[in-house]
């Protein structure tokens, strides 16, 4: 299990680094270009986010098909909860929207500002999660932890405003991401821990009632993809934008 977790963390680190780098390279434009191409860049960021979330959803579907071993389909589980437990179904929707919004804001931050600066601001996400966790679950903390949290906050804030590539839109998007993703983290913990994993139809049934771990995250991502996809289509329809055709190779590079 430890080897698997280590491999997953390594895969996340590599894929996240490549995603951050190539997002910045592909969308690299001048400050003037940012103003002129604001609408197509925003539409493109929506499309990129949609593809990311959809990929996670498809991966979850494949995983469930190959290794489900009796686990209920996440979508089937969601439909069941809509009837039997509407509050929990609503929480899942809120989690999905927060996850999608946080991912979108991160991509916007990469497009309009420095990748390293956005990553620095994103390093405060665990701090925000810690604060939300303490407020919601009354998690105990000691003086050393609190001091460490404050140092991270002040250090990241100081570096952000001293960065030569400071961009208010990029920083604002990264900070918004740092707000909604901790809410997602805490809501996910609350939603999962609020229900025991009981087999469908009773203990004698082998079909697990609640998808967890990767399957739950994949479902949340696919639900968020629906939300972001709607926003992408809406933005292109309202502003008559076809993102790829609007941003030429010369504008990008």
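Including glycine, each Cβ sits where the backbone N, Cα and C put it.
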Quick test of your reading of TrEMBL: among 1-21, 22-42, 43-63, where does it put transmembrane segment?
43-63
In TrEMBL, which of the ranges 92-112, 113-133 has the transmembrane segment annotation?
92-112
Pick from 188-213, 214-239: which range does TrEMBL record as transmembrane segment?
214-239
